[in-house]
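The block underneath contains the structure these notes are about, expressed in structure tokens.
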Ligand SMILES: Nc1ncnc2c1ncn2[C@@H]1O[C@H](COP(=O)(O)OP(=O)(O)O)[C@@H](O)[C@H]1O
Ligand SMILES: Nc1ccn([C@H]2C[C@H](O)[C@@H](COP(=O)(O)OP(=O)(O)O)O2)c(=O)n1
């Protein structure tokens, strides 16, 4: 009798805005040679497409239809630069990174039918040799059977400082105080919604990176996947 195939390994990295999920996930995926799922970019793409179509984000039916029909393509440039996100044929990468888009994503992400409509697309990223999945419910819902789970967090003030620096470097006009308010509002909505609330998955390794530099966070996460 042939042995059943081992499931494709998955490392989930969930956490609130600005905790470092995207940065750490990309670095760990590169180090392991695994695929990467930026699930937030999918929710942002739907929020963006709904906005472009003039859809009221509180209209659950219309937003769900948008989630079902929006074409989202991730394109890794040959020069190893930032992954481009093509939404309905338009490179929306820069628009998606704004806090406005983050807030729209957070709003539509609270609609159960939107999450259901995006479930299979997220699951389809699970391909050999492995997947690093970044988001809010990767370890609790989408890849609940994942072998390795991390919950990455940091203080709201530190996350606002990080986001402020990140967006300023992109040439965006932002204020630290408004970013802190937006981050706290998004934390509240993501953690208190009824469907797939943001919380550490059972058994997840919780890393508070408030005072830990990026390279040490990467090392800690890699040690979870490749101990010893
Ligand atoms: N441990 C850390 N210490 C300092 N800055 C960090 C740390 N982790 C991430 N950053 C920086 O914080 C910003 C936000 O990180 P990002 O990966 O976009 O967070 P998230 O995906 O959780 O929103 C980026 O500019 C990133 O380089
Ligand atoms: N798996 C996910 C990923 C994102 N979301 C929602 C909630 C988040 O506030 C928004 C944006 O997520 P994203 O990870 O891109 O945001 P940050 O980079 O953490 O600021 O989308 C979600 O509900 N579930």
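For all residues, glycine too, the Cβ spot is worked out from N, Cα and C.
Annotated features, as they stand in TrEMBL:
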type    : residues                           : note
BINDING : 15, 16, 17, 18, 19, 20, 21, 22, 23 : ATP binding site
DOMAIN  : 12-225                             : domain 'Cytidylate kinase'
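TrEMBL feature annotations superimposed on the structure.
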| residue | record | Cβ neighbours (10 Å) |
| --- | --- | --- |
| 15 | ATP binding site | 27 |
| 17 | ATP binding site | 24 |
| 19 | ATP binding site | 26 |
| 21 | ATP binding site | 27 |
| 23 | ATP binding site | 17 |
Structural state of residue 15 (ATP binding site), classified by DSSP into three states: coil
Those binding-site residues in 15, 19, 23 whose CB falls under 6 A of ligand 2, listed in sequence order: none
Non-site residues, in chain order, whose CB comes within 8 A of the mean position of the CB atoms of 15, 16, 17, 18, 19, 20, 21, 22, 23 at ATP: 24, 152, 154, 159
